[in-house]
Structure formats: C-alpha cells, structure tokens
Amino acid sequence: MKIFNSLTKQKEIFKPIESGKVKLYVCGMTVYDYMHIGHGRSWIIFDMVVRYLRMRGYEVTFVRNITDIDDKIIKRAGENKESPAALAERFIQILHEDEKALRVLSPDQEPRATQYVPEIIKLIQKLLDNQYAYTGQNGDVFFDVRRFKDYGKLSHRHLDELQAGARVEVSDSKRDPLDFVLWKKAKPGEPKWDSPWGEGRPGWHIECSAMSSSILGQPFDIHGGGLDLKFPHHENEIAQSEAGEEKPFVKLWMHAGLLEINKEKMSKSLGNIISIREALKESDVEVLRYFLLSGHYRNPLSYSKENLENGRLALERFYLALRGLPVVNHEKTSSYTDRFYEAMDDDFNTPIAFALLFEMVREINRFRDNNQIEKAAVLAAELKCLGNIFGLLQYSPEQFLQGAKKEADVQEIKKLIDQRNEARAKKDWKTADQIRDQLTDLGVAIEDSSDGTSWRQE
C-alpha cells in the first residue's frame, strides 16, 4: 500500500511502526457551531480510510479530538449569554447526531481538550525547560518559532516567507510575529485552570500535540486533517511535539482537499456555507457520501446541485442492478476485489475504485440478461461488500429507488416553481398559469406571498 505523505510530498510504501497495527489521529471540530459540508468531506474521507485499513486486516486505533475550549467558543457563548461549557456540550451532542446521520464510524477515542489540561501543562513545561518557549510580558506563554530549526518542513516554506497565519494572534508580548501562544493568561469571566505560570487556559495548537501523543505515543503512524489545517496548525503541532519530546512526532501526514461551492471558496464572508443538516435535507446520505468520495481525496471538489444529481443517478445504477436479485452470503472474492484493492492501495484512489464498481454493475446486468441469476447474485454480494467501505449500498434496492424518485420529484417541483417565478417577474402571466396547472397535476398546491412562493404536496 502506498500513501501520499504531505511531509515528503511523495507517495510512500506504508509500513506501520508496529506490524499489523495502525495508530491514526485526525483533528476534530471546535464545537461552537454546526458541522458544515467541508468538515463532512474530511470526516467521510477518514471514515473511508479507517474502514479500508480494517478491511485489509489492520488493527486500527482511530482517535479524533474535540476542541471544547477556544476563543471562538468563548466569543459565541458570550453572544448567546451561556457558559462556554454549556455551549460546547450542546454542540458536541449535535456533532454526534450529525456523525450518525453521515454514517461516520465513531472514533475509538474522542478526547476533549479540557480533559487533557494536566498533559498540556506538562508539555509546555518541557518546552520551557528546553528553551523553546518563553513567558511574554502579558503572562501568556509563547513558542519560539525561530528556535525550532525544522519549522516549515510540513508546509515546505522557509521562515522568511512565512507570515503569521489566520489563527496566530499578533501581540506586543511576542518576540516574533510568527511565535504562537501555548498558554493564555486568564481574563475575567473566562474558563481557567491553575498552572505554574498562573491561571489560564491552553492555546489551540498545543491541545492536539498533548492529546495525540498521550493516547497514541510518539511517534505514531498517521496524522490526518483538512488541507486548511496544514499551516499553521499542523506545522505548529510538529514544532511543539518534536521540541518537547526530542523525537519525531508523526510518520505520515494525510490532508483532505478543500470543498468548494459551485467552484467558489466556501467562506462565511461569501455566505455560502452549507451545514450537514441542510445538505441532508436536500440529498440522501448515500448521495452525499458518494459525491464526497467521488473525487480523489487530495483534490479540491465542487459542491453543486448538478454534481449531487450525478451522484444520485450513479447510485440508481447500482441499486437497479441489485433489484430483484436473491440475497446470498458473500463468501468468495473475484478478480474485481483484487483490482479494487489495487486501486485503493494506490493512495486511496476512489475514482478508479468507483469505475471498477461500475464494471461490476455492467457484469451483473449481463448475467441477468442471460438469465444467470445465481452468478448475478454472487457478484452483487461482492459489490455490496466493497460498497460498504464507502458507507454505500446499505439500503434495500426498493428503499433507495423509492426515495430517489421522491427526491427527483421534489427537484422537479422546485425547478417548475423557479420557472414560474421567472415568468411572473417578466409579467408573462400565461406561462405562469400553465406552470401552475402543471404543478396542480403533480398534486402540488402553491401559495404566493410577499416572502415568495411556498408549496406543499396534497
């Protein structure tokens, strides 16, 4: 098996530190808001990685953290007039609901930053002892970036090129703008813990270093996360962990490509962030999972209605091939499974793996056409087994195809309403009335108001 290592910028033959066992840490969420589809892509990608490694016989220890204390949590809690702990707990429950809705496997361990404050303090003390950290004039403790000679080795940028990242605060207390905070001195009304440097709370980056190494040891096999975390977060994790423990931190780094919305960057400033909950109102979970895994995990992917519809049609092909076949136990594999493994062993090449699954669909249909139902059923069982690695083909064909028809009907209704609104805007009343009649024939009642057009199926 070969996996692309962001650290070396090349595919490497994957050999776990301990034979047959894989220790994997993935950065989780800061719990102050709903999970969006960008988070969803990263979660589903690493869910696929865990499922595949386990299918290949590895004993995987999968750790994904929760950041439950952070500036953003404190700010949002203040706006909501609730405690940071209450806000975090509420969104942790929401996160778990979304995780279940996405069919993402729960991690083996899900550490929270607030549970690891003693380990965080211990690591900061080591950094101070090793002279990689200092206390600023304001009482915060900072990491001395220029003291760590390998800084920039993950993002492949020289220190002179680097600018303070979006989540690295500029402060007069720093010796250098690139230095980042390890421990923040307590402010009135904020959560705080005792430390050798006074009351305060951990910085964001140090949390992941302490949690991952405390649970998995150092070094461990794979550290994953979204590409947006590569710098400064993951770069800072390496610096802290290797300066503190004086040994390598992680063997292999994996980064999931970013998700775009209609080929535009997803951002709050553009107002185009889509939550998982919104996405699952529009599309079935299998359609969403298929779409999010359809491109190579390292490449950017554009979320659009057209791409989701393509995903729905692709899944229809799978389920139409399975419909009406007897269910048999999957006991033996064919060359298709070998070729599937070959694709996935090449840096989790899901586009080639999906192409192979469609080959299987064509073969199933040929068997069916030739009335070789037993052969079709055996291959269908193999197809379902491979689909499970992607969290797909979990419905009965009847369930999915009926749901897909309803979804298609809703999309058609929305399309007709948009066309009618355009006609009304142009004062083309004849066309608007014709479309209203079409909708009535579909059993749809519409109501126009100053807020727009609402509809319901009767």
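Positions of Cβ are set from backbone N, Cα and C atoms, glycine also.
Keep in mind it's a predicted model, so treat the numbers as computed, not measured.
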Could you look at Cys27, Cys385 and say which one Swiss-Prot places alongside Cys208, His233, Glu237 in the Zn(2+) site?
Cys27
In Swiss-Prot, which of 110-114, 170-174, 265-269, 405-409 is labelled motif ''KMSKS' region'?
265-269
Between the candidate ranges 29-39, 271-281, 282-292, 370-380, where does Swiss-Prot place the motif ''HIGH' region' annotation?
29-39
Around Glu237 (Zn(2+) binding site), how many other CB atoms lie within 10 A of its CB?
27
In whole Å, note down how far the CA of Lys268 (ATP binding site) lies from the CA of Cys27 (Zn(2+) binding site).
21
What Cα-Cα separation, expressed in whole Å, is found between His233 (Zn(2+) binding site) and Lys268 (ATP binding site)?
20
Could you break down the residues of the motif ''KMSKS' region' (265-269) into DSSP helix, strand and coil, giving a count for each?
0 helix, 1 strand, 4 coil
Can you count helix, strand and coil residues in the motif ''HIGH' region' (29-39) using DSSP?
3 helix, 3 strand, 5 coil
Overall pLDDT for the motif ''HIGH' region' (29-39), taken as the rounded mean:
97
